[in-house]
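Taken from Swiss-Prot, the feature Ca(2+) 1 binding site covers Asp21, Asn23, Asp25, His27, Glu32, and the record attributes it to sequence analysis. Annotation source Swiss-Prot lists Ca(2+) 2 binding site at Asp57, Asp59, Asp61, Thr63, Glu68. Per Swiss-Prot, Ca(2+) 3 binding site is recorded for Asp91, Asp93, Asn95, Glu102. Annotation comment: Swiss-Prot describes Asp127, Asp129, Asp131, Gln133, Glu138 as Ca(2+) 4 binding site. Among the features that Swiss-Prot reports, domain 'EF-hand 1' is placed at 8-43, with the record citing sequence analysis. Sequence annotations record features per position, and here Swiss-Prot assigns domain 'EF-hand 2' to 44-73 based on sequence analysis. Per Swiss-Prot, domain 'EF-hand 3' is recorded for 78-113. The domain 'EF-hand 4' annotation in Swiss-Prot covers 114-149.
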Amino acid sequence: MANKFTRQQISEFREQFSVYDKNGDGHITTEEFGAVMRSLGLNLTQAELQEEINDSDLDGDGTINFTEFLCAMAKDTYSEKDLKKDFRLFDIDKNGFISAAEMRYVRTILRWKQTDEEIDEIIKAADVDGDGQINYREFARLMMAKNQGHDTKYDTTGGTLERDLAAGVAKNIIAAPMTDFIKNLFEALFS
């Protein structure tokens with residue numbers, strides 16, 4: 001189901017779009033998308049980059065325009081493959097955990113406006129085992145809880161990852177670009 005965006009959200013999405021649209025021509029190419037991913041330490045192959053672009057390229061021109069970007073932002077379901085990609089995006093040092101410092105780094109690169117305190121709140125909300133960082137299971141549980149309409153600020157422990165993923169598959173999950181995941185994570189925790 002597509003979301004109806006507020007003017008503020010559209011403005012924020014336009015700013016996010018400009019992070020990727022380096023030359024300002026109104027289209028995100030695989031090269032531009034790849035440059036942002038590499039700046040975050042994620043070295044996707046050309047085929048993976050093209051697949052990410054194709055997931056949102058509604059008119060088939062090989063790029064993502066702002067309207068297509070908004071459509072991608074409106075998607076609210078994800079696949080396990082996308083969960084893993086997004087987890088890798090945040091896990092800068094590739095140690096299997098997302099720290100507050102890594103989340104702040106991604107925030108800086110993608111020009112998000114969350115404060116350090118809000119980042120700490122995200123970590124605390126997702127950190128089920130209390131070790132001060134987010135492992136993959138905690139990340140997936142947080143995203144699946146958000147996906148199923150739970151209040152992710154307080155409900156991150158309900159169910160198992162396997163059950164949550166099975167529920168998602170049963171709903172015919174539609175693959176969404178990783179920027180969609182990350183943006184929705186921040187919006188879900190602070191809306």
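Quick reminder: no glycine exception, Cβ is built from N, Cα and C everywhere.
Positions of the features from Swiss-Prot, shown on the structure.
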residue	record	DSSP (3 states)
Asp21	Ca(2+) 1 binding site	coil
Glu32	Ca(2+) 1 binding site	helix
Asp57	Ca(2+) 2 binding site	coil
Asn95	Ca(2+) 3 binding site	coil
Glu102	Ca(2+) 3 binding site	helix
Asp129	Ca(2+) 4 binding site	coil
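In three-state terms derived from DSSP, Glu138 (Ca(2+) 4 binding site) belongs to a helical segment. Rounded to a whole number, the C-alpha distance linking Asp25 (Ca(2+) 1 binding site) with Thr63 (Ca(2+) 2 binding site) is 11 angstrom. Ranked by Cα separation from Thr63 (Ca(2+) 2 binding site), the binding-site residues Asn23, His27, Asp93, Glu102, Asp127 are led by His27. Each residue of the domain 'EF-hand 1' (8-43) gets a DSSP state, and the totals for helix, strand and coil are 23 helix, 2 strand, 11 coil. A distance of 14 Å separates the Cα atom of Asp131 (Ca(2+) 4 binding site) from that of Asn95 (Ca(2+) 3 binding site). Using the Cβ center of Asp57, Asp59, Asp61, Thr63, Glu68 for Ca(2+) 2, the list of other same-chain residues with Cβ within 8 Å runs, in sequence order, His27, Ile53, Ser56, Leu58, Gly60, Gly62, Ile64, Asn65. Close to the recorded Ca(2+) 4 site, the chain also has Phe97, Ile123, Ala126, Val128, Gly130, Gly132, Ile134, Asn135: residues not among Asp127, Asp129, Asp131, Gln133, Glu138 whose Cβ is within 8 Å of the site's Cβ mean position.
The binding-site residues listed here (Asp59, Asp93, Glu102, Asp127, Asp129, Gln133) include no residue with a Cα within 10 A of the Cα of His27 (Ca(2+) 1 binding site). Listed binding-site residues: Glu68, Asp93. The one with the lowest count of other Cβ atoms within 10 Å of its Cβ is Asp93.
In the structure shown, across all protein chains, Asp127 is the one of the binding-site residues Asp127, Asp131 with the greatest number of other Cβ atoms within 10 Å.
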